[in-house]
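Here's what TrEMBL has on this protein:
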type     : residues  : note
TRANSMEM : B:21-42   : transmembrane segment
DOMAIN   : B:25-181  : domain 'Cytochrome c assembly protein'
TRANSMEM : B:62-81   : transmembrane segment
TRANSMEM : B:93-112  : transmembrane segment
TRANSMEM : B:124-144 : transmembrane segment
TRANSMEM : B:156-177 : transmembrane segment
TRANSMEM : B:197-219 : transmembrane segment
Amino acid sequence: MDFDFGKYAFYVWGCYGVSAVALIGLTVLSVVAHRDRAAKLKALQETLAAEKAQKVDA
Amino acid sequence: MIISWLANPERFSKVFAPVRPYLAAATAILFVWGLYLCFASPEDYQQGDTVRIMYIHVPAAWMGLFTYLVMGVSSFFGLIFRHALADAAAKAAAPIGAVFTALALITGSLWGKPMWGTWWEWDGRMTSVLVLFLFYIGYMALHASIEDETRAAKSTAILALIGLVNLPIIKFSVDWWNTLHQGASVFRADGPTVAPAMLWPLLIMALAYHLLFVWLWLVRIDCEILSRKYNGLRARISFREGGA
């Protein structure tokens, strides 16, 4: 394996760099958004369950 | 039959949640293997080391088209059967397709400069791929601009279906018009014209890109399901509080 691409280094590494940043970025954003939505929904469901339990007690 | 069974958002989430970690692992393994082959493959006798751009440019372009097809089919089902999951599937695919298409344009430009002597040319292939990217952006902008989910689903589905016309234009643009871009060299009736030492890294990377798409798509569909559930609950609370 040779990583010295001579006069084409900028173009080759540029392509791999941009692709890595874009695909890793998309992955991180998607996973973070998913975790965030799951946490928000869980918190809301717990609040509603607590309210329901309070009403039953009352 | 299976599709209609899976069309239930709750069931969809339950079925695919355990599959996602395995898909993520398979994607990572294929990327490591594919990248190793990308750098271990020989340089081209004419293009030199710039041929290594092919291993990430071509799969990105294929995925830009494939993702739009997925978005179009999902939109069709959403429009005909008015099923929320179909709209969620189309909406989830759009940002992934936009990124793949943007990568195809950027890496294509970075390949074009040393090989063709230009970053950009307004020819059939490049212009039609730019139009594809604009369809993705338009789809996402339209979805974001309409608050009512049902109206947004209907309007964006129509836009996605109109955009499907562009797919054969992209595919056959190199045959229909004079272009700097080379013609098909993998999916040909008489077989691929790419040497096996370069074809294998290309196919492995294409498979890695496909798996990445499927995994990201499943994550984003589930995210959309959770969002809609959350918004539904919030709306019910607001209605109850407003009525009290």
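Cβ atoms are placed via backbone N, Cα and C, with glycine included.
Whatever TrEMBL says is automated annotation, not expert-curated.
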Against which stretches of its own chain does the transmembrane segment (B:62-81) lie, if we need a Cβ under 8 Å and a gap of at least six residues from its ends?
-> 87, 89-90, 93-94, 96-97, 100-101, 103-104, 129, 132-133, 135-136, 139, 153-154, 156-158, 160-161, 163-164, 166-167, 170-171, 206, 209-210, 213, 217
So which of B:21-42, B:93-112, B:156-177 is most in touch with the transmembrane segment (B:197-219), counting Cβ pairs under 8 Å?
-> B:21-42
Near the transmembrane segment (B:21-42), which residues from the same chain, at least 6 beyond its ends, have a CB less than 8 A from one of its CBs?
-> 51-52, 55-56, 197-198, 200-201, 204-205, 207-208, 211-212, 214-215, 218
PLDDT averaged over the residues of the domain 'Cytochrome c assembly protein' (B:25-181) | 93
